[in-house]
Every structure is written in structure tokens, then in C-alpha cells.
Amino acid sequence: MIKKRPHTAREVAAFTLFSMEEEGAWSDGALHHYLDRADLAPRDRALATRLAYGIIQNRLLCDWYLRQFSKVRLSKIAPRVHICLQLGIYQLALTDRIPAHAAVAETVTLIRNYAHANERTVGFANGVLRAVAQAAADNQLPRLNCPDKESFYSLHYSHPEWLVRLLTAQYGQKPTAAILAANNATAPVSIRVNLLRSDRDTVLKRLIEDGFTVHPHPKAASMILAESGDIASHPLFTEGVVTIQDTASAVCVELLDPQPDTLVLDCCAAPGGKTFYIAERMHNQGTVISCDIYEHKLEKIQAGAQRLGLSIVQPTLQDAAQPRAEWVGKADSVLCDVPCSGMGIIRKKPEIRYKDADEIQNLPEIQKKILENCANYVKPGGTLVYSTCTILERENQAVVQEFLQQHPEFEAVPIEHPVFGTSENGMITLLPSIHDTDGFFIAKLRRLT
Ligand SMILES: C[S@@+](CC[C@H](N)C(=O)[O-])C[C@H]1O[C@@H](n2cnc3c(N)ncnc32)[C@H](O)[C@@H]1O
């Protein structure tokens, strides 16, 4: 992290982007780190947030504009200078409320102060930004000229072309455009009420009294949607009355339908969001074995269970791809919420879209191994749910279909849920563009023998 204390919204945004580039920091963690240190007025906090996320959400488009105006190749521009130029171009070309002179002057100041730039580089950046500002003022910004719809969407919505092509092959052109647009929109914060401690109406009333803009989810009975406010700092959160959880995750647990006094195995459980809802739906009666492969992540499960008063949760170190003899045939319900590419949660973590395509190529192999192994823990008549927070079929339907072909002892269970509707083949994909949730896949299976 950058040691200096940021003093302006643009410094917070720049430091956040530098940390992501230089240390691989996540956008939300880095942004909050610098916002906490900056002590900005609410308006400037909002501007810093908008700039940081705006650049991540529009990086490819900003670079395209930069290429049109820069005589220097992008690969030859130093990383911090490049980030500052993206910051300037975003303000000049893609927003309409920020005065151009402030965008140019403050970007040049950032380059001078934080990008280790010499006068020649500062002059180059100044020239590029002034040219963009002039073109924007004259309504003469270059128009995207792309050979096909996919390459146009890729630039227009700043998603890599391989991802756009994959989504188009799966969902079609128009639905893909809607998904990409939804990925760049602001997601509401969704809150789930711990029904062991309160009820939705009471929580809604309290949050409204405390100045939050909240309303009940129109289709998910357990959820509240908040448009603003820091729920995690509210006493209702610290006292374990509410959890921040996407509606799609709640739907996943509702389809698993865990019952009190049963044994549930949550095989890839950290940080524990679904485990907590499972234990709440079991009225804190029975056992939830909550596994993860990383020991340090088990502490998060433990802390969350304690906060919510859930004593039946047992955080357990276990590789879900490796057999554990004493669990075979014992569980009433098994949840495999497997590691995935995360291409459904771009709305919340915008940088996920830029993951290396090769790095996520082998995920289906790991996912199949986990499903294959954890299926052995389900007792006859028991339920197996496979889920991911991605919308790529190769990690979803393809994994489950192959599993079902090889395991006639399992059958798909038709799904009916108010948030999604019905699915005869036991598989559903929730989409930000349709369901206003994270992109999420859920398959519900039953063990016959
Ligand atoms: C999608 S996240 C789970 C989210 C969690 N179910 C929740 O609702 O909060 C996947 C988790 O699987 C864990 N994981 C990855 N590989 C694993 C493995 N082989 N066995 C068990 N856990 C694994 C990761 O550490 C990560 O915490």
C-alpha cells in the first residue's frame, strides 16, 4: 500500500488503482483503505469511489481513447502515468459533470507528484489530456469503429473480447449486451435478516429510522435491499441481527432446504455466508460442518458464527477434493459452492473481468473433482447442491451434466423459487440483468440410492 496519506478524491482513486496494479490489491479493499485515511467530505468520497470504479469498469474504452490521442505506444507508457491518463480520460470523455480544466490540471498534478515523471512525460500527458478535452468540448471525440458486435461490446462495456464472445455464444447478442451493461451498474447492498434474532419488518423500521434508504426485496422474503449506507458499521450488524449477503446466495441455501436436527456439509464454506444461513434455517439445531482448504479462512467462519449466535457450525479444515471416510453416506444435505472464475460478480468486483483467460481454463477439472468427491457424503434420499458465482456454462451446466451422466444414483430435482421461477432440469442461472442478483448458478440433485 502507498504510505502517503491521500488528501483529495483523485488521490484516493489514483492510490487505489496504483495498489491494484502494483500489489494485486482488490478494488474494494484498497479503496476503503485510502478512503479511511483521507478524511474526505461525503461528496468527495463519492467522487473518489466513482473515479476508481469508473476506470476499472471502463479501462478498455479509456485505453482505446488514449490510443487515438497518444503518439506513444501504450506499452511504452510507465504504469503510473498510464493509470493517471486513464483517470483523466475517464473524466474528460466519459463523465459530463466534471469540469475539463479540473480534470486536466489535477491529473497532471498527480503525474507530477506520484508517477516519478520527468518534465517531458508531464508535457506529453498534458498534451494528450488537452487534446481529449478539446475534442470532447467540440463534440468531436472519435467514434468506435469495430468490425463486429462482439468487438464493439468489448470496447463499449470494457469486457475482454474472449469473454464477450463466450457469453454471446451462450446467451445470444442482446442478452449479452444486457449482462455487460448490468455488470457496469451499481448493485444494491442486500441484507438478510437473522430470523433467530428478529424479523424483516422490525429491521426495516430500525434502518429507516437510522437514515438508511432500504426496502424489502420484492421476491425474496428474507432480504432487504439498501441503496446507501454502511450497514457493516450499524449495531444490527455487530449484534448479529443482519448479514450482508447477495440474494442469489440466499436462494442457493433456500434450494438446499436444510432442516433442523440434520447433518449438513458445506464443503467450500469460507467466509461462511451460506453456512450462516444454513444454520439459521436449521434453527441452530443439528450440525453444519463448514469446510475450507485454507486454515486462516476458518477463523472468518468462526467469527461470523459467533456474531450470529450459531453454535452448530463446526469450521473444519478439509480439501473438498480429497475423501474423508467418516463422512461417506452420512450427510442429509451437501453444498458444493465450488471455487470458480467469479464471472457472475463483476458488478461487485469489476476487475474480475480482466482475469487471465488461461488461468481459469482448468477450473472445471477442479470443480468436477470436488463434486465427484463430495457427492459420496450424501446419504440416500439426501440433497446435493452444486453452485458457482459464475455464468460460464463450462463451469456450470457442463460440470453437472457430466456428473449426472456418470452417476445414475443421482437425479436432478425440478426447481421452483420466487426469485427465479421454475426449472424442470434442476439447474438455474441467475443474472444481474434479469434477476438483479449476482450472476449465479445452482443445480439441485437428489441421491436415489
Ligand atoms: C466461492 S467461495 C465459497 C463462498 C462461501 N460458500 C460463502 O457463501 O461464503 C469458495 C471457497 O472454496 C475454498 N476452496 C478452494 N478450493 C477448495 C478445496 N479444494 N476444498 C475446500 N475448499 C476450497 C476457497 O478458499 C473459498 O473460500
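Just so you know, glycine gets a Cβ as well, placed from its N, Cα and C.
A quick note: this is a predicted structure, and the numbers were derived from the prediction, not measured.
Neighbour count (other Cβ atoms within 10 Å of the Cβ, all protein chains): 26 for C389 (active site, nucleophile). What TrEMBL lists as active site, nucleophile is C389.
According to TrEMBL, the feature S-adenosyl-L-methionine binding site maps to C268, A269, A270, P271, G272, G273, K274, D292, D319, D337. For D319 (S-adenosyl-L-methionine binding site), the number of other Cβ atoms no farther than 10 Å from its own Cβ, over all displayed protein chains, is 15. DSSP assigns D319 (S-adenosyl-L-methionine binding site) to coil in the three-state reduction, outside any helix or strand.
What TrEMBL records for 179-448 is domain 'SAM-dependent MTase RsmB/NOP-type'.
The two recorded residues, C268 (S-adenosyl-L-methionine binding site) and C389 (active site, nucleophile), have Cα atoms 13 Å apart. Across C268, A269, A270, P271, G272, G273, K274, D292, D319, D337, which the record gives as binding S-adenosyl-L-methionine, the greatest C-alpha separation is 19 Å.
Geometry remark: G272 (S-adenosyl-L-methionine binding site) versus C389 (active site, nucleophile), CA distance 15 Å. DSSP assigns K274 (S-adenosyl-L-methionine binding site) to a helix in the three-state reduction. Counting other CB atoms no more than 10 Å from each candidate's CB, the binding-site residues C268, A270 peak at C268. K274 (S-adenosyl-L-methionine binding site): 24 other CB atoms within 10 A of its CB, across all protein chains.
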